[in-house]
Amino acid sequence: MRPPLVRPRKTLVGGVSVALANHLGWPVSRIRWLFALTSLIGGAGALLYLWLWALTPSEGSGTRRTGAERSSGAALSADDDDDAPQRRAPIAAVLLVLGSIASVVAVIQSAVGASTVTAIVLAIVLTGSAVGFSLAFDEADASRSRRYVVTVRALGVAVFLMAGLLLLSSNGGRPDAMTAVLAVVMLVLGLGVAVAPLLVKLWTDLLAERAGRVREEQRAEIAAHLHDSVLQTLALIQNRAGASSDIARLARAQERELREWLFAGTEPISADLAQELRDIAAAIELDYPARIDVVAVGESMTASAVIVAAAREAMLNAARHAGGDVSVYIEGSASAVDVFVRDRGPGIDLDALPADRFGVRESIVGRMQRAGGSATVQPGAGGSGTEVHLHLPWQAVHHE
């Protein structure tokens with residue numbers, strides 16, 4: 001069974017000769033000689049090479065490995081993990097040098113009064129091929145640096161412009177008609193090569209911006225539709241079922257996941273205190289019959305390991321012992337950050353707790369005091385439930 005016709009990632013030019021040699025079982029040199037000889041017949045070999053390059057997939061681009069390749073157990077190297085093609089020969093640089101030589105020959109021929117048409121056409125074709133090859137191949141080549149691509153492009157522009165100007169000034173500034181036309185073509189190509197990448201970049205940026213705007217509009221429409229239908233239904237299920245029921249917990253989890261998907265990219269970064277506590281609340285809701293609402297006001301607050309751990313312990317205690325609705329209120333100011341955790345349970349009396357119960361004393365109060373902050377545990381509004389107040393100055397946060 002013949003191996004698939006795929007171009008390798010590490011290639012000399014386009015990888016077509018190697019792909020055909022592997023597929024047919026022929027030596028690579030024979031394939032290359034065939035392409036070279038048939039190119040002399042009206043350029044048929046070159047056209048066939050370009051046609052095969054356009055239609056033949058590259059190695060690793062969605063092609064499947066054969067059974068023999070899978071059974072061999074050969075591990076892929078780090079280089080094979082990169083799907084970008086890698087070419088060993090600096091084709092663009094070689095073409096650019098040949099184009100420069102042809103330009104020099106054209107200038108010399110013009111100075112001595114000889115015909116310059118052939119040399120100028122060769123200079124245009126070779127230099128244009130160098131720039132085109134660099135843009136088409138070297139841009140996607142992981143082994144080519146950005147400096148190499150820019151240098152080839154800049155030198156190509158310089159060759160076009162300098163050769164065009166020298167040809168226009170040849171023969172005392174009076175070149176023949178054909179030389180003048182070809183010189184103008186070189187000047188136009190030089191300016192085009194210089195300006196075209198900028199225009200292409202502007203065009204692609206415009207298309208990307210337009211596509212992003214369309215995606216945002218679609219996301220907003222979907223979010224509005226889901227908010228009016230699915231999210232409202234999930235909220236109704238939670239209210240009817242009660243915060244302590246399994247149905248309410250599942251509805252709450254689905255609502256949170258749906259909101260995160262809808263508003264992806266608009267949430268604060270993971271180092272934000274409010275987002276950290278929201279993530280913790282979501283995890284606690286999956287394990288306990290509680291509904292935890294996190295609200296943040298004031299200045300943006302960086303997550304502190306101490307206050308995050310203490311708030312987590314307070315939320316965990318509220319969900320475990322009180323259940324139902326738990327409120328987390330975060331307030332940030334220029335000097336400190338305060339976190340309030342309120343539940344509607346039976347309440348807690350620190351003085352009545354046994355001496356061996358270290359959950360609240362050490363995990364909340366002691367932890368905050370050691371960090372330079374404070375923690376108070378007191379009855380909630382109206383004497384029902386419990387309110388845990390965590391206070392941490394920013395100075396203590398910066399000294400962690």
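Yeah, the Cβs are placed from backbone N, Cα and C, and that goes for glycine too.
What TrEMBL says about this protein:
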- 4-59: domain 'Phage shock protein PspC N-terminal' (DOMAIN)
- 310-394: domain 'Histidine kinase/HSP90-like ATPase' (DOMAIN)
- 60-84: region 'Disordered' (REGION)
- 31-55: transmembrane segment (TRANSMEM)
- 91-111: transmembrane segment (TRANSMEM)
- 117-136: transmembrane segment (TRANSMEM)
- 148-168: transmembrane segment (TRANSMEM)
- 180-200: transmembrane segment (TRANSMEM)
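Nonlocal intrachain contacts for the transmembrane segment (31-55), taken as residues 6+ away from its ends with a CB within less than 8 angstroms of a stretch CB, comprise 7, 14-17, 19-21, 24. Tallying C-beta pairs under 8 angstroms between the transmembrane segment (91-111) and each of 117-136, 148-168, 180-200 places 117-136 first. Same-chain residues lying 6 or more positions outside the transmembrane segment (117-136) and placing a CB less than 8 Å from one of its CB atoms are 91-96, 98-100, 102-103, 105-106, 109, 149, 152-153, 156-157, 159-160, 163, 167, 178-179, 182-183, 185-186, 189, 193, 197. Over the domain 'Phage shock protein PspC N-terminal' (4-59), the average per-residue pLDDT in this prediction is 78. DSSP places the residues of the domain 'Phage shock protein PspC N-terminal' (4-59) in helix, strand and coil in these numbers: 33 helix, 4 strand, 19 coil.
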